[in-house]
Amino acid sequence: MLSSKYISVSFLLLSLSLHAVNCADPLYHFCFSQESYTATSRYGTNLNGLLNLLSTKVPSKGFGLSSTGQGQDRANGLALCRGDVSKTNCTTCVIDAGKELGNRCPYKKGAIIWYDNCLLKYSNIDFFGEIDNKNKFYMWNVQDVENPTSFNPKVKDLLSRLSNKAYANPKFYATGDLKLDSSSKLYGLAQCTRDLSGLDCKKCLDTAISELPNCCDGKRGGRVVGGSCNVRYELYPFVDA
């Protein structure tokens, strides 16, 4: 059963055409911690250090995690860039994400934000290696396909193949396409954060795929976006080769 927060995010994004999303704009965010800190606190200092560290550590491999500080003042964080994103664009996205979370979730100890090019998450609680099933939202194209009965199984087939491909890839990332007819293709993406095990990556992706009917039946494009993995399909290419 979906939480009210989950549903509200989905309805908020109902009118969004995915093709028009600006890569520089955040897709969504959650300020998920009820705990706060002050600008001069140890946690605030540790968080600033963590964000600086991630902005230099992540771009070379497209993913990174780190912790700064000790005990209750420890700041834990990770960032993930989409598998096709350049080092320069990854750096820009991670830096922008840290600044934007500071504006949108001021002095909250735990928060997460997504862009087309990256995600960033931090918390005073160690969340590494655990599937994040709480911070999640849907996006879909408002346009419908002509024949959803035949289209929906093809979406599931493509993304299921990409799930199998992604969890076997050290980068936990896969893209691909499926020919629909002589003039059109279906394009897909599956990606996990690399703190997960391979089996947990597949579990996360398969769960995301199973949730597509909640938002995206018969839609020309759709996404299930979470804190540990995301899947996406479109009728146009949306990643760099």
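Using the three backbone atoms N, Cα and C, a Cβ is placed for every residue, glycine included.
Here Cys93 is paired by Swiss-Prot through a disulfide bond, and of Cys105, Cys118 its partner is Cys118. The disulfide partner of Cys204, as annotated in Swiss-Prot and taken from the candidates Cys215, Cys216, Cys229, is Cys229.
The candidate set comprises the disulfide-bonded residues Cys81, Cys93, Cys118, Cys192, Cys201. Of these, Cys192 has the most other Cβ atoms within 10 Å.
Cys90 (disulfide bond) is 23 Å away from Cys204 (disulfide bond) when you measure Cα to Cα. In the three-state DSSP scheme, Cys93 (disulfide bond) is classed as helix. For Cys118 (disulfide bond), the nearest of the recorded positions Asn89, Cys90, Cys192, Cys229 in terms of C-alpha separation is Cys90. Confidence over the domain 'Gnk2-homologous 2' (133-238), given as mean pLDDT on the 0 to 100 scale, stands at 98. The disulfide-bonded residues under consideration are Cys90, Cys204, Cys229. Their Cβ neighbour counts within 10 Å are lowest for Cys90.
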